[in-house]
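Everything below concerns the one structure shown next.
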Amino acid sequence: MFQHKTVLLRETVDGLNIKPDGTYVDCTLGGAGHSTYLLQQLSEKGRLIAFDQDDTALENAKKTLSEYKGQLILVKSNFRYLKECLHEHGITSVDGILFDLGVSSPQLDTPERGFSYHHDAPLDMRMDQSAALTAKEVVNEWRYEDLVRIFFKYGEEKFSKQIARKIEEAREKSPIQTTGQLVDLIKDAIPAPARRSGGHPAKRVFQAIRIAVNDELQVFEEALLQAIEVLKPGGRVSVITFHSLEDRMCKMTFKEKSSLPELPPGLPVIPEEFEPELKLITRKPITASKEELEENNRARSAKLRIAEKRK
C-alpha cells in the first residue's frame, strides 16, 4: 500500500488559487495527496497532469483516483521534461504548477530502495528504477575528491573529508554493498561528540548521495524555469522544499524573476517590457503548523514558496 502523509496540503493547493475549469500540473505525484485535493476542486472541464518516475506511485494513483479518469493525465517522466511532455499532450500553457521536492514516505520506508539509513539494504537511491546510476556506483567508483565535493556541497557535511577517506579505505578491501555498511563507516569517521548532536550522523551524506544519483538540483532548476515559462498570466507555482539548497535555488529564481531590471532614474512609468515576470505571493516561506508537526514530523523542514506570473 502506498501510504504517505502529504505536507502543507491546503497551503500548497489553495495557494494556486484554483479555477474549476483550469489546467494544473502536479510535478511530484507521490502519494497523490496534493493531486487528490486539487482534483476535488476541478469541474469536469478542469484537468490535472501529474508526473512521477515511480511505477508504484503511478499504479497507486490509477486505482485511488479512478473516479477522476476524465480529468487526470498520469505521466511517467522526470519533471525536467515538463514542457516537452505537456506539448505531447497538446498543452502549451497552464493555470498552476506544484512541486513537492521531498522523497515520498513509501520510498523512504521501503528498505530495498536504499534511501533510508534506518534499514540495511542494497545501496540504490534511484527515484527512477530504470536509471543507470546507483548509490553503490557513487560510493564505490567516484574519486575521493568527488565524494568530498558532493558531501560538502549537497549535504553541507562538516566531516566530508574524513567520511570520504573512510569510504576510500574500506572499498580498497572490498566493495561497499549496503546502506548499513555505509552508515557504520560514516559513524566511524565522525568524532564522537559530533555524533551525539544534530540528528542521525548519516543524514547529510545520504541526502548528498541521493541528490547526486538523481541529479536533483540541476533537474529542479531546469523544471522551475520551464514551469514559469508555461504558466498563463495570473497562473501560480507552489514549491515545497526540504533542505536549504533547494530552498535557496527557489528563492533566488523567484527573486530574480520578480525584480525590476536596472532602469534610468526618474522614469515616470515603467515600460511594460521591463515589468518583472513574477509577483511574489509569499515574501517569506510558509512552514508547517504546530498541529501538522504533531501529526507528521517529516513536515518539520518543509518550506513553501508561491509566485504568480504577471504577464
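Counting starts with 1 at the first residue shown.
The backbone N, Cα and C atoms fix where each Cβ goes, and this holds for glycine too.
Residues or ranges marked as S-adenosyl-L-methionine binding site by Swiss-Prot: Ala32, Gly33, His34, Asp52, Phe79, Asp100, Gln107. The compositional bias 'Basic and acidic residues' annotation in Swiss-Prot covers 289-298. According to Swiss-Prot, the region 'Disordered' annotation covers 289-311. If you look up Swiss-Prot, you'll see 300-311 marked as compositional bias 'Basic residues'.
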If one takes Cβ-Cβ under 8 Å and requires six or more residues beyond its ends, the residues near the compositional bias 'Basic and acidic residues' (289-298) are 5, 7-8, 102, 105
Sparsest Cβ environment (other Cβ within 10 Å) among binding-site residues Gly33, His34, Asp52, Phe79, Asp100 belongs to Gly33
Within 10 A of the CB of Ala32 (S-adenosyl-L-methionine binding site), the number of other CB atoms across every chain shown is 27
Under a three-state DSSP reduction, the secondary structure at His34 (S-adenosyl-L-methionine binding site) is helix
Simplified to three states, DSSP reports Phe79 (S-adenosyl-L-methionine binding site) as helix
